[in-house]
């Protein structure tokens, strides 16, 4: 078995865990490699280009927060991904640092279960396709002279056209990310839906809408000038021209996250979003 390891190199705790993990793997003669950035930060010569990892590795380990897991999952190509939470929030990273060894034991022995998560696929007019686990984000861009109008079609039927700072299309997994911050609903992970969430719309009647994930969404920006950022999981991938149409639908590829059977979704929401009746006192 061979592992691909991604590390949040800005966190000393993640780097420390990476060193402990490699010692654990070496002691068991289990092969591993890092992505180039992680290897450089650790001074390790065992690395491969990110695009090659899925061909040579059997499983992926993300040491960091949800951002590190998103990066690892982008290159996993449906290989199992185990997330060790060294971040602040950790909706996706299933295991704490103390649980890492149990998770690794289960992964090596094959005694683990999987949470399968849907992805989004955005196709440009050029034919290029991009994928994301959390969301596809259309933004107005800094050069726009006036608030642009975003036109949305569902299965080629007009849903609406309205002025806003942007539009988020999120999976159920991504509903607790940017979409939630923009006023979108929280959606249970196994729900077969997407949510379309406007960012600061210039109209009180414009609200997020939940749609079936078998729908095809087409979005264009109605503006006379400017370039408009297209982001996948928060990372800018393209600048769109005015009127350029992007087609978004469910990707045929999915992400397999190694499940922590001790985690309960309601408990996660209570803890991460402070929904408990017990609130910090500041003492």
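The backbone N, Cα and C atoms fix where each Cβ goes, and this holds for glycine too.
Here is what Swiss-Prot records for this protein:
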{"type": "ACT_SITE", "residues": "66", "note": "active site, proton acceptor"}
{"type": "BINDING", "residues": "66, 67, 134, 135, 145, 163, 165, 176, 177, 178, 179, 180, 181", "note": "NAD(+) binding site"}
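Structure coloured by features recorded in Swiss-Prot.
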residue : record                       : DSSP class
66      : active site, proton acceptor : helix
134     : NAD(+) binding site          : coil
145     : NAD(+) binding site          : coil
165     : NAD(+) binding site          : coil
177     : NAD(+) binding site          : coil
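The Cβ of residue 179 (NAD(+) binding site) lies under 8 Å from the Cβ of 135, 168, 170, 195, 197, 208, each of which sits 6+ residues away along the same chain. Taken over all pairs of the listed NAD(+)-binding residues (66, 67, 134, 135, 145, 163, 165, 176, 177, 178, 179, 180, 181), the Cα spread reaches a maximum of 34 Å, rounded to the nearest whole number.
For the pair formed by residue 181 (NAD(+) binding site) and the residue listed as 'active site, proton acceptor', distance between Cα atoms is given as 16 Å, rounded to the nearest Å. In the structure shown, across all protein chains, 66 is the one of the recorded positions 66, 165 with the greatest number of other Cβ atoms within 10 Å. Cβ-based neighbour count (10 Å, all protein chains) for residue 181 (NAD(+) binding site) stands at 11.
Under a cutoff of 8 A between CB atoms, and with a sequence separation of 6+ in the same chain, the neighbours of residue 177 (NAD(+) binding site) are 66, 91, 134, 135, 170, 234. Sequence-distant neighbours of residue 145 (NAD(+) binding site): residues of the same chain at least 6 apart with a C-beta under 8 Å from its C-beta are 225, 226. All chains included, 27 other C-beta atoms sit within 10 angstroms of the C-beta of residue 134 (NAD(+) binding site).
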